[in-house]
Structure formats: structure tokens, C-alpha cells
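Student: For 1-26, the entry in TrEMBL reads region 'Disordered'. The transmembrane segment feature in TrEMBL is assigned to 47-67, 87-107, 114-133, 139-163, 175-194, 214-233, 254-284, 312-333, 345-366, 372-396, 408-431, 451-474. TrEMBL lists 49-475 with the feature domain 'Major facilitator superfamily (MFS) profile'.
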Amino acid sequence: EKLECLPVTGLQSQPPPEEQNYGATEAHERQGPFVSVSRNSSAKRDYLTVGVLCYANLINFMDWFIVPGILLDIQQYFNLSDGEAGLLHTVFILCYMLAAPFFGYLGDRYNRKIILGAGIFFWSVVTLGTSFISESYHWIFFLSRGLVGIGTASYSTVAPTIIADQFDEGKRTTMLSVFYICIPVGSGLGYVLASGMAGVTGDWHWAFRVSYSLSLMGLSLSLYLSGLFCYRLKSWIVHIGTSSHPILSNLSRFFLLTFSCSFVWSSLGLTAMAFVTGALGVWVPMFLHRAQVVQGTVSPCLEKSCSLSNSLIFGGITIGTGILGVIAGAEAARRLRKINNRADPLICATSMFVSALCLFIALMMAQRNITSTFIFIAFGELFLSANWAVVTDILLYVVTPRRQSTAIALQILVSHLLGDAGSPYLVGTISNVIQAKNNHSVQWGFRSLQYSFIICVFVGVIGGGFFLLTSFYVEDDRKEAEKL
């Protein structure tokens, strides 16, 4: 009712036919002048679409964590400090999050499958180019990671809303769970692929070349889903040429349709998750290596090729805990919603608190017992993974369908800007400062990372608090979104 006074023209008043069914909605629940969702596509094609998106998501996150999987080798090859090594991930995430709003804008207006295919093609080509960078051009390596971030932004922004187009609420949660399982699985496979190829070939560059081949397969599958490109491109050009865009009207409409208290607080909670997972993903193999050096079980890495066993183990842990965590989180949400309408944010809050506790115990035990450290890191990742699908489902039911891509893009921007864009670099920089103030020894090499990791524990607790705040508003915001 509150939008009746706003004039609507152009794209908003007369969306083209191929855009009218964008956004997740339940036809029997959400009715309004801006929602027209068709679910006439066959179930077989819907599941095929999810399968293709899951594969692309798997490859996407494999590319994210190839660098952490061989960070020791890259650090030796380019002669990088801890801070510079952490900056690699920061550059990637900064480009990723800054590109996300642009692709979110496009995703709300144009064919998402074409955007997705173009993004996969772009990051695949850049990944292949990365494998040919020589040691004297380390700045090109930083640049290439930023370009890969831009390519992956196009995929991460629009893929969840393609799934939302295909299924109603019950199946949507299940499909999102399958989709988000690919985040930890792909992340773990990134470690495994990177360390495995470096070990087999003796050259870490081959990890990027194999990743490129896998990305090409994802590109082929996405192009199959995209349909008739030339026909749709022509319709876009005609539509753009005949549309007008009143700026004030569109801005007012954008804020009213997108923002809610639940969206803001859950996005900040996701930011805390991203901060912790970003720092863990980059630094855990290095931290475990330094802990083993302190214990005397391994020797310091002084050669160009270093031991990759920690990356392999951590990659396996990431895969296993990711699968179990996403499934457990989705199942818990599905069951608890029947007795508590605020179950989703409460599950996320609890998971963040428990994960922070497990991480703290792992940090404290690292110098004495490496096995116990692995166990508690695994539990920490398990509880973090439980939130992936649940957080996205919160967004999809508290934001009106026609603004879901934009909302996801904004959430990506905030969560990565304040989260994993800076956390690896921050942890590395704090480690550098601690080492500079103490003797450059094996003991302080370990302690510097141990102490800098403590910040992740505090951020995890703060993230749990944000999800608790989300629970206060989620019921009202969901009802409001259903009216629009």
C-alpha cells in the first residue's frame, strides 16, 4: 500500500516477457502488481538447471582457494611477506565485491543465464593466463586475482535467484542447500587440486591450468541453459532504446523494495561469517605448519617446494564439514520452523557462537596437540557451514522478488568489504607487527599467527549477536515482503 504514491515507468511498469518471472516467490502466497512467476518448466529441466549451477559453484570456489592451497609455494616463488601473501586474497575479494552491485543491477533487468556464462568465460581465461606468470612479475599475479574476482561476481550474484525462480519455498530451501554445499566442497577441492597438482607435477602453475579446463566445462553447460542469445540480445537493445528511467522514482522504489531490518542485520551477520572464513581459508594451512615446526614434527620450509600435507588435510576437512554443515543447518531450519517462526536467525546465531568457541580452543591447543587442533577446526567449520543456505533463505523471503538479485549484490558488497576482503590481510599484517616487535624465531613465527587469529573469535561472537538481532524483525519483514 505504501508504494501507491510512487510513479512507475519504463522497465518497472512494463518488464519484458523474459524478465517477468525473475525472483523467488510462491504463487499462492505472494500476489501484487510486480510479481508474475511462471513455474511451467518441467521438473527435469529445473533439476538440471540446479545441477549445472552447483557444478559452476563448485568450480567457482575451487578457484577461490587454489591460492591458499599452495600459498607456501607462491610466497616462496614471488618472495612475498605474510602481509603481501594475505593481500592476494584481499585484492580478489575487493574486485569481487565492487563488481557485485553492477551484476546485481543487470541480473534484476536482463537474462541472468547469459550474465552467468559471460562471467565463467572471463574468469576461466584469466585463470589460464595466471599459470604463465613469471616470478619477476608478481604485480601481474595480483592483478589476475582481481580480474578473477570480477568474473566470479557475475556468477555469485545471479545464481541463487535462478534457483529461486524454479522452486517454491519448501523445495527452494532444499535446492539452496545443495547449491551451498558446493561452497565448502569446492573450497576444499581447491586445496586438494592445488596441492595435488603441485605435488604431482612439481610446478604449482599446473593447478590453474587444470582449473581452467574444469571451468570450460562449466561454461559449456551454462551456455546450454542460456537459450537463444542473439534473439534475447536484440530484445534487450529494443527495450533499452524505448524505456525511460525517472531517477528519483527509481531510487525511492529501490530502497523501499530492498531494505528491511532483517536484511541489514543478517547481512552484517554474514559479514562476520565471511571475515572468519576468509581468514581461516588463507591462513590455517600456514598456521598448522608453523605449529608443527614448533612441536618439532616438521622442519621449516626453506625450499621452493614445501610440504603440502596440511593443505590436503584441511581441504578434506573443509569438504566433509561443509557437506554435513549445510545439510544439518538446512534440516534444522526445516524442522524448527514448524515450532518457531524465528528459527532461521536463531540457528545462525547459535552456530556462530559455537564456531567461535571451537576456534578459540583450536588456537589454544595448537602448540601442544595438532590432532586436537584439527578436530576443533573441523567443528568450527562445521558450525559455520550450517549457516550458508539458511542466511540466503532469510534474504529471499524478506526481500520482494523483483529486488532479490540487487539485494544479494548489496549483501555481497557489504559482507566482503567488511569481511573476507580485509581479514586475510589484517591477520597477516598483525602477524608482521608482532614478529617485528619480537625476535625472529620459530616460536614467534607461530605465536604471531596465533595471536592475530584471536580477532576472528571476537568477530564470530559479534556475528552471532547480529543474527540474534535479525530474529527480532524477521517475522514482520517477511509478512511485509509478501504484500509487495
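From the backbone N, Cα and C atoms, a Cβ is placed for every residue, glycine too.
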Student: Using a Cβ-Cβ cut-off of under 8 Å, list the residues of the same chain that are 6+ residues beyond the ends of the transmembrane segment (175-194) and lie near it.
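Tutor: Tertiary neighbours of the transmembrane segment (175-194) are 50, 53-55, 57-70, 159-160, 163, 166-167, 204, 207, 210-211, 281, 285, 311-312, 314-323, 325-327, 329-330, 381, 385, 388-389, 392-393, 396.
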Student: Which of 114-133, 139-163, 345-366, 451-474 shares the most C-beta pairs under 8 angstroms with the transmembrane segment (47-67)?
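Tutor: Stretch with maximum Cβ contacts: 139-163.
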Student: If you average per-residue pLDDT over the domain 'Major facilitator superfamily (MFS) profile' (49-475), what number do you get?
Tutor: 80
Student: What same-chain residues lie close to the transmembrane segment (408-431): Cβ under 8 Å, and 6 or more beyond its ends?
Tutor: 81-90, 93-94, 96-98, 100-105, 107, 153, 156-158, 160-161, 258, 263, 267-268, 270-279, 281-283, 392, 395, 448-449, 451-453, 455-456, 459
